[in-house]
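First, the structure itself, so that you have it in front of you.
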Amino acid sequence: MNVEKLQKMAGSVRTGGKGTMRRKKKAVHKTTTTDDKRLQSTLKRIGVNAIPAIEEVNIFKEDVVIQFINPKVQASIAANTWVVSGTPQTKKLQDILPQIIHQLGPDNLENLKKLAEQFQKQAPGAAAGTDAAVGAVAAQEDDDEVPELVAGETFEAAAEEKSPTS
């Protein structure tokens, strides 16, 4: 190596004057704690309150869902501000749809039908899975109800007909 270059590098890491010891490594200052403190002070100023017992938060962005499991949720309704903090997971809408469909209301089911039509237009093979998920949920909702009894039939007789005898 060049002697001049070595002396120049050695001079740049001295902490004091000539004869003082050199630094072992350069200290790296982190500013993340100051950003977090500023955010917390701002949230405190607008008056957010913690909302307990929220198990899951889903944020829908076209065909991608950002999902938070057991997040910390804070809200200030007066300031129209909601804070969701936790570890996010990005998932596709098709993957998460069977798990969240029972949470949707009747007005959201119309949006779901429109979304299924969009998927059919984009990729006919991929939309079949969405239709199957909608059909499976509809069948599951029907299974929750008690079936009507047919006159003259008993459960024992129906079970004997279906069970194979050896």
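One-based numbering along the chain as shown.
Any Cβ shown, glycine's included, is placed from N, Cα and C.
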Of the ranges 83-124, 125-166, which one does TrEMBL list as region 'Disordered'?
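My reading of TrEMBL: the region 'Disordered' range is 125-166.
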So how many of the residues in the compositional bias 'Basic residues' (20-29) end up helix, strand or coil by DSSP?
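Helix, strand, coil within the compositional bias 'Basic residues' (20-29): 0 helix, 1 strand, 9 coil.
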